[in-house]
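S.K.: Shown below is the structure under consideration.
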Amino acid sequence: MAATASPGAGRMDGKPRTSPKSVKFLFGGLAGMGATVFVQPLDLVKNRMQLSGEGAKTREYKTSFHALTSILKTEGLKGIYTGLSAGLLRQATYTTTRLGIYTVLFERLTGADGTPPGFLLKALIGMTAGATGAFVGTPAEVALIRMTADGRLPADQRRGYKNVFNALVRIAREEGVPTLWRGCIPTMARAVVVNAAQLASYSQSKQFLLDSGYFSDNILCHFCASMISGLVTTAASMPVDIVKTRIQNMRMIDGKPEYKNGLDVLLKVVRYEGFFSLWKGFTPYYARLGPHTVLTFIFLEQMNKAYKRLFLSG
């Protein structure tokens, strides 16, 4: 039986029993990209909602559903997939880097006897990997925010990026290379908050459900705990996310940026748009979180199975 094989065994019958790390990282990035194809419209709506009513202007969209129907009406079906190339590049850079860093740190901190890191150490590894991946993925994030925001502007104010690579080249040429990392601090902070909130809230939610006496440790309990965790994670990370979105989309006015820093964004949003505007786009953000995670793991499992069938069997 495979379970009785020694932990250090790397080969069986002359063939590797598992796929190489490089293949795992590649599949992680591809799985995230595959999931993005399905949830990109939700990302677009979330970004539009976060920019709606900026600077005490009248809100363009009353609700997320209103935003979606308005985009479909004015920009067509193709419009809800604006920025897809940037979304795909974000996954290729962020997910691959995060997975790579997590795997390396996890293996480094695993005991000589094979004992895995404890809960707190795993949480720290996850937050470190998330923050590093967010830094690497920030240029794609900047391009994504700008591309998804373009359709809400008058024609003469649009940036008109053709695709993510055109966006990156133009941003670097017109505004300088450092602009590609504009908003990297809130982007990294969001990654840390998301990782921390997911870990803490999932464990607590699962324990609460089990203690209630109405649930057993099965897939229904896991699903409900995941939904609660997603709710907590969305609520915790959205104020940081709107800071990121506003900073990455801002323009220079008379040689000065619209916002001085993240705190300035928070204060202006609360002052001119109301406290609860920090959670604009809550519905599409929450609706995106679950499906993206589920689809990512489905694609990842299928690619791993295909690789084993083609290269590791026999």
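Cβ coordinates are placed from backbone N, Cα and C, and glycine is handled just like the others.
Worth saying up front: this structure is predicted, and the values here are computed from it rather than measured.
If you look up Swiss-Prot, you'll see ALA2 marked as N-acetylalanine. Among the features that Swiss-Prot reports, phosphoserine is placed at SER6. What Swiss-Prot lists as N6-succinyllysine is LYS57, and the listing cites a large-scale study or a structure entry. Per Swiss-Prot, N6-acetyllysine is recorded for LYS73, LYS256. According to Swiss-Prot, the phosphotyrosine annotation covers TYR102, on the basis of a large-scale study or a structure entry. Under the heading repeat 'Solcar 1', Swiss-Prot lists 23-108. For 117-208, the entry in Swiss-Prot reads repeat 'Solcar 2'. Taken from Swiss-Prot, the feature repeat 'Solcar 3' covers 217-306. Residues or ranges marked as transmembrane segment in Swiss-Prot: 24-42, 83-101, 119-140, 183-202, 222-240, 281-300.
Can you tell me where each of these features sits in this structure?
M.R.: Other C-beta atoms found within 10 angstroms of the C-beta of LYS57 (N6-succinyllysine) number 11, with every protein chain shown included. Classification of LYS57 (N6-succinyllysine) by DSSP places it in coil, neither helical nor stranded.
A helical conformation is recorded for LYS73 (N6-acetyllysine) in the three-state DSSP classification.
Within 10 Å of the Cβ of TYR102 (phosphotyrosine) there are 20 other Cβ atoms, across all protein chains.
Its Cβ taken as reference, LYS256 (N6-acetyllysine) is surrounded by 8 other Cβ atoms within 10 Å in the chains shown.
The repeat 'Solcar 2' (117-208): residue composition by secondary structure is 79 helix, 0 strand, 13 coil, according to DSSP.
Outside the transmembrane segment (183-202), and at least 6 residues removed from its termini, the chain residues within Cβ reach (under 8 Å) are 98, 119, 122-123, 126-127, 129-131, 133-135, 137-138, 141-142, 225-226, 228-229, 232-233, 236-237, 240-241, 243-244, 247-248, 262.
Packing against the transmembrane segment (222-240) from elsewhere in the chain are residues 186, 189-190, 193-194, 197-198, 201-202, 205-206, 209, 215, 262, 266, 278-282, 285-286, 289-290, 293: each is 6 or more residues past its ends and has a CB under 8 Å from a CB in it.
Beyond the ends of the transmembrane segment (281-300), by six or more residues, the same chain brings 27-28, 30-32, 34-36, 38-39, 42-43, 45-50, 63-64, 95, 226-227, 230-231, 233-235, 238, 241-242 to within a C-beta distance below 8 angstroms of the stretch.
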S.K.: Considering only the modified residues LYS73, TYR102, LYS256, which residue has the minimal Cα-Cα separation from LYS57 (N6-succinyllysine)?
M.R.: LYS256
S.K.: So, three-state DSSP: helix, strand or coil for LYS256 (N6-acetyllysine)?
M.R.: strand
